[in-house]
């Protein structure tokens, strides 16, 4: 059965003969437009090819701005390779959810690579390949951070296959083991650790010289395209902190402000300079509290919950040491 350019066979998923013939019969490109057409046509099946982007870099290099057109031996070799590889009709096996998955990842300064595979009695066979180009800021990460990021990105990408199931992560770096055992990770490492805690997996270390496929994918990744890349939305590799986490951080900040003003005397004289500094601090604190309340109000609206009433607001004002301080200084009227 054919579905979206793929033949669904008893052995697995294959490229359809119709499109493979179009690739094999494609004439040698003579300009940039024809290169784009061929790369787009062959690239439709890149999930079947473990090293597609790296192999196709010679012809795609001709598409760079200011590059003089020169179809030479490297371009011809890549052109022939793509035709030969796809004419063999590579197969991706169907996932069997009764068996565990294996996720193999690797990272480099260039990009991230991953292979989702299973052993269905004939050794490890690919379910899907994936690769991704690193953004300039991500390229500045240390290799340990990149290896951890590759795992987080791949786990999120293949979430429909992995969530709620036991699986293995194969990586050529011990940083992931450290991330999962670190007591107090900070910053993005903490966010990544929280993301991985949703999943049930074990970690297998494999040296880079034995991790051929994922290593090749990370060094020849597929560029990110589409609306997310054009609009500059949140990167797919940036785990989102949940609403509960954001709310708890906001509440902690408000609590610190309240504690500061609880320690401040309600009566007595204050030097003029110190009073001005406190007034400035009070104004800043007031803005922080208003913003914090707005955050909670928006979150409550998204959840369909009525967060405040007029009586409730009045009670909070009367009970707040900071509000009483604002009233005393004339910076706020109830």
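Placement of Cβ uses the backbone N, Cα and C atoms for every residue, glycine included.
Note that TrEMBL annotation is computational and uncurated.
Taking TrEMBL as the reference, the stretch among 192-215, 216-239, 240-263 described by the feature region 'Disordered' is residues 216-239.
When DSSP labels each residue, the domain 'Reverse transcriptase RNase H-like' (96-199) comes out as 40 helix, 32 strand, 32 coil, counted as helix, strand and coil in that order.
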